[in-house]
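What follows is one structure encoded as C-alpha cells, with my remarks underneath.
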Amino acid sequence: MAKIYVDGKAYCMSESDNLLQACLSSGLNIPYFCWHPILGSLGACRQCAVTQYNSSLDNQGKLIMSCMTPVIDGTIISINDDTSKKFRSNIVELLLTNHPHDCPVCEEGGNCHLQDMTVMTTHNFRNYRFSKRTHKNQYLGSFIKHEMNRCIGCYRCVRYYRDYADGTDLDVYGANNNIYFGRIEHGVLENEHSGNLIEICPTGVFTDKTHSKKYNRKWDMQYAPGICQNCSIGCNISIGERYGEIRRIENRYHESINHYLICDLGRFGYSHTNLKNRPKKPILSTKENDVNILNFNKAIEYATNFFQRYKNVIGVGSIRSSIENNFALQELVGKENFCNGMSDKENSCIKLILDTLKNNQLYIPSLKEIESYDTILILGEDLTQTAPRIALAVRQAMKNKAKDLAELYGIPKWNAAPISQISEIYKNYLYIFNTHETKLDNIADWSYFSSIDNQVRFARAIAYELDKNLPDISFLDSNLRKKASLIAKKIISSKKVLIISGSHVYSKSIIQASINIAISINQKNINHVGLTFVTSSSNTLGLGILGGFSIENALKKLKNREAEAIIFMEYDLYRYISKHDCDVLFKKNDNIMSIDHQYTQTYKNSGFALPSVNFTESSGTIVNFEGRAQRFFQVYDPMFYDKKNCLYVSWKWLSFIKSKIEKKEISWINLDNIISEYSDKYPIFKKIKTAGPNASFRVHGQKIARSPHRSSGRTALRANINIHEPSQPKDADTMFSFSMEGYSQPNKSISHIPFAWFPGWNSPQAWNKFQKEIGRQLISGDSGVHLFKSNKKILDIYFHFSPKKFIKEKYWYVIPYYHIFGNEELTQYSSIIKQNIPLEYVLISELDGLELGLKKNSIVEFNCLNQDFRLPIRLSKHLTSKHIGLPIGRKGFPISLIGEKVKSLWEVMS
C-alpha cells in the first residue's frame with residue numbers, strides 16, 4: 001500500500017491501481033468517461049484531470065490524467081483546486097458541443113453517467129451557439145436502440161465490444177470531430193453480450209429497446225435483487241417493475257460471478273413474465289372437455305380430494321423451480337414418490353456431478369476465477385450457446401497472458417492500449433472437443449471435432465499421457481496420440497489448468513473423462529487444476545440434491561399401476577418426452593394435476609390445474625453450477641393490481657393442500673419456515689440459511705426499500721381500478737418493503753441490493769459506492785453460500801471404462817445443437833426472444849450431404865419416436881458422418897430424441 005496525499009489528507013491506496021481507481025476506491029469523486037473497471041485506462045476523454053505537485057513546497061503543480069497515472073508512495077495531488085476544476089468543467093463543455101439538449105426525452109435520463117459528471121464538474125452554461133453535427137441512426141436489432149447524436153466519443157463501446165467481448169460487427173468510422181460508432185450497415189448485433197453496451201455507454205447512444213416500449217424513469221420503478229433463471233451460472237440481476245409488469249433487467253454487481261456483465265438472454269428474455277394470457281385462476285376440466293374456473297376454497301377442496309382419491313401420487317419436480325417449491329412437493333407426495341423430472345441420461349449425469357462436488361477435493365472455480373486459468377480444455381459443451389457468460393470468461397482467460405507479459409516489462413495491468421496490442425499476438429491455451437463448430441473455435445489452439453465416443457477416447461488418451469499408470473491407449477491412431485501428448489505437455493507447463501464439461505450432451509462418459517483428466521493433473525501435484533460443470537438449468541443441482549427418480553421411471557410406474565396419479569409442478573412433459581407418448585398419457589387426464597405460471601401443453605392438458613407465480617413474483621433459493629446457493633426476491637405482488645387473481649407461489653399451494661389433508665395448521669407461514677425445515681432434513685443445506693437475511697432483518701429498524709426515494713405516482717398506481725388508494729402489500733417472506741420507505745444506502749450488512757443509487761451517482765457507475773474497492777468485493781461481501789467443501793487429500797480414484805469407438809452405421813445418430821435464443825424453455829414464450837430465434841434446421845455433415853445430393857436449405861423428412869419431421873438442412877464441415885443435429889429443447893424437439901437412431905432421411909422436392 002502507498003500513502004497518497006489528496007487535498008492535504010493522507011490516504012492508503014493500492015499500488016496496483018491507477019490514481020483514478022484508487023481515489024474512487026477511497027470514496028473520492030473524480031469525474032471520468034473513457035475509463036471503466038473492466039476496460040482499463042485509455043486517457044482518451046481527458047476528463048479525470050487532477051493537479052500533481054512535486055513536493056509540499058510546490059504551489060504550481062501540473063495537470064495529469066489520473067487514469068493514466070500509477071499510484072506511487074508519497075504522491076501529492078489535488079482534486080478540488082481551481083485549475084483542475086476549471087479544466088474538467090471545460091472538458092465537459094467541449095464534449096457537450098455536439099450533444100443534443102434532449103435530457104427530458106432521452107431514455108438515459110436519470111440513469112446517465114454524462115448527467116452525473118456534468119453536475120459533478122458544476123458545468124451549467126454552454127457557450128457554443130453554432131450548428132451541431134448530426135448522424136443517421138442504425139437499426140441494431142430488436143434489443144438495442146441507436147442514437148448516435150448523443151455520442152461524446154469516449155470509445156468505451158468499441159473497446160468493450162471488440163477488445164473485450166471479441167465482437168466483430170461494431171466499429172468506429174470517420175475522424176476528428178466526425179466519428180461514428182456503429183456497424184458497416186444496418187443489422188442485428190451478432191455478439192451474445194451486445195446488451196452490455198447499454199450500461200457500458202456513459203450516455204444515451206445505446207439504450208434498451210425492450211424498455212422503450214413501456215418506458216419509466218429509473219426512480220419510478222420498483223426493484224428487487226434477482227438471479228437470472230436462464231442457465232446454470234446464476235448471474236445476479238436487478239429487476240425493475242411498474243404497473244405490474246417487468247420493465248427492465250440490469251446487471252447487479254457480484255464480484256465472483258457476473259461482475260459488471262450479463263448475456264443478452266438474461267437481459268432481454270423477460271417478457272414471458274408479462275404475458276396477459278397466463279394462468280390466473282384454478283381450472284378443472286370435465287369429461288366433456290369443458291373448463292370450470294374454481295375459487296381458492298374450491299381449488300383446495302378439489303386438490304385435497306385428489307390426493308385422498310388416488311394412492312401413491314407421483315410428484316414431478318422441476319429444474320426451473322426453486323428448492324423451496326421442489327421440497328414442498330417432495331414433502332406432499334413423499335420421497336418414494338418424488339420424481340425430479342430429469343431424463344434417465346441427465347439424472348445419471350447430475351448424480352455424477354454432485355458426487356464429484358461432494359466428495360472430491362477438485363477445485364470448482366467461480367465464474368470470475370475462470371479468467372485466471374492459462375490452459376483450458378472444453379469437453380462436449382458449446383459454451384457460447386449453453387453458458388454464454390462462462391464463454392466470455394474463457395475469452396478473458398485467453399487474453400490474460402498479455403497482462404502477465406506486460407507486467408514483465410513494467411506495464412501495469414490497467415494500461416489498456418499496450419495490453420490490447422500484446423494480446424493480439426500472445427494468448428493462453430484453449431482446446432475444444434465437440435461434435436461440431438462452436439463460436440469459441442476462433443480463439444482455440446486446436447478443436448477436435450468427432451463423435452461423443454471418440455471425444456471420450458481422446459480425453460482418455462490425454463489422461464494417459466499425464467499418468468502412465470492408466471490403461472494403454474494403443475487403440476488411438478498415431479496422429480491423435482501425438483496430439484494428446486502435445487496437449488499433455490502444455491498442461492504440465494501451465495500454472496493453472498481448467499477442465500470444463502457438462503450435461504448438455506447427456507453423456508455420463510464425457511463427464512467421467514473430464515474428471516479423469518483433472519485427477520491425472522492433480523496426481524502430478526505441480527500445478528493448480530479446476531473443474532467446471534455446466535448444467536441445463538438454473539436449479540439443476542439444487543433439485544439433484546433432493547434426489548428423486550427420472551421421468552421415464554415415473555411414467556413406467558404409472559403404466560405398471562404402481563402409482564395412480566401424477567402432479568406436474570412447473571414442468572412441461574412435452575419438453576422431455578415424445579408427443580406421441582405424452583398424448584397417450586393425457587387421453588385420460590382426471591388423474592393428472594399441474595401447477596405452473598405458463599400455459600404449457602402439459603398445463604392445458606391436465607385435468608386439474610393451479611396457477612402459480614414466476615420468479616419475479618416470488619422469493620426462493622437456487623444452486624448454481626459451482627454449488628453456490630443464491631436467494632432471489634419477489635419484485636412485486638401480482639394480486640395487488642388485480643385482487644380477482646388467485647396466484648400463489650407453488651410451495652404455498654402445496655402447503656395449503658398438505659395442511660388440509662393432514663387437518664393441521666399451515667406449518668410454512670413464510671419463506672423462513674420452509675427454509676428452516678429443509679435445511680434440517682438435508683444436512684448439505686445447513687448453510688443455506690445464510691444465503692440471505694431472514695424476514696426479520698432490519699437496518700436501523702427499517703426494512704430495505706424496493707423503490708428509490710424519489711419514486712412518484714404511488715397514489716395513482718391503481719387509480720384506473722379504484723380511486724381509493726389501498727395500503728401497500730406487506731412482505732412476510734423477506735426483509736424488503738414494497739415501497740420507497742426503508743433503507744437504501746451502502747451498508748456492511750446488505751449484499752442483496754435492489755438497485756444501485758448514491759447521491760450524485762444515478763447511473764450503473766453507482767456500483768462504485770457499494771464496493772470495498774472498485775471492481776472488487778461489495779462492502780458486505782458477495783452474496784450466496786457454497787454448499788460443498790473441498791477435501792485436502794489428493795484424489796486418486798479414476799473412472800475405469802472402455803470408451804467405444806464410433807462405428808459408422810446405416811442409421812443416423814441424433815445429437816443436440818443449441819442456440820442462445822430458443823433452447824431455454826421459458827424464454828421461448830417471450831415475444832421479443834421469438835423474433836431472434838433462428839429457424840429450425842437439421843445439421844448433417846458435408847460428406848453426408850454430398851453422398852445424398854443435398855445442398856444447404858434442401859428440405860428433408862424423417863421419422864423418430866413416432867413423430868414425423870420436415871426441416872431444411874445445414875451442412876457442417878466438421879460434424880461426424882451419420883450424425884444428425886437437432887434443436888433439442890425447442891417446441892416439438894423433446895430431450896428424449898438425444899441418442900435415438902433415425903433409419904433414413906429423404907429429400908422433399910418443393
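Placed from the backbone N, Cα and C atoms, the Cβ positions cover glycine too.
Remember, predicted model here, so these are calculated numbers, not experimental data.
Record check, Swiss-Prot: [4Fe-4S] cluster 2 site residues include Cys151, Cys154, Cys157, and the candidate from Cys106, Cys201 also listed there is Cys201. What Swiss-Prot records for the [4Fe-4S] cluster 3 site is Cys228, Cys231, Cys235, and among Cys263, Cys339 the residue it adds there is Cys263.
In terms of Cα distance, the binding-site residues that sit within 10 Å of Cys34 ([2Fe-2S] cluster binding site) are Cys154, chosen from Cys154, Cys231, Cys263. Compute the center of the Cβ atoms of His99, Cys103, Cys106, Cys112, which mark the site for [4Fe-4S] cluster 1; besides them, the chain residues with Cβ within 8 Å of that center are Pro100, Asp102, Glu108, Gly109, Leu114, Gln115, Arg150, Thr203, Gly204. Put simply, Cys45 is the one of the binding-site residues Cys45, Cys48, Cys157, Cys231 whose Cα lies nearest to the Cα of His99 ([4Fe-4S] cluster 1 binding site). A Cβ distance under 8 Å defines the sequence-distant neighbours of the domain '4Fe-4S His(Cys)3-ligated-type' (83-122), meaning residues of its chain 6+ beyond its ends; these are 29, 31-33, 45-51, 61, 63, 128, 132-133, 145, 147, 149-150, 152-153, 177, 202-204, 207-208, 211-212, 215, 217-219, 760-765. Cβ-based crowding with a 10 Å cutoff singles out Cys228 as the top-ranked of the binding-site residues Cys45, Cys154, Cys228. Ranked by Cβ neighbours within 10 A across all protein chains shown, the binding-site residues Cys106, Cys231 are led by Cys231. Residue counts for the domain '4Fe-4S His(Cys)3-ligated-type' (83-122) under DSSP (helix as H, G, I; strand as E, B; rest coil) come to 21 helix, 0 strand, 19 coil.
If you take the C-beta of Cys103 ([4Fe-4S] cluster 1 binding site) and look for same-chain residues 6 or more apart in sequence within under 8 angstroms, you find Gly109, Cys112, Gln115. In terms of Cα distance, none of the binding-site residues chosen from Cys48, Cys67, Cys106, Cys228, Cys235, Cys263 sits within 10 Å of Cys154 ([4Fe-4S] cluster 2 binding site). According to DSSP, Cys157 ([4Fe-4S] cluster 2 binding site) is assigned to a helical segment.
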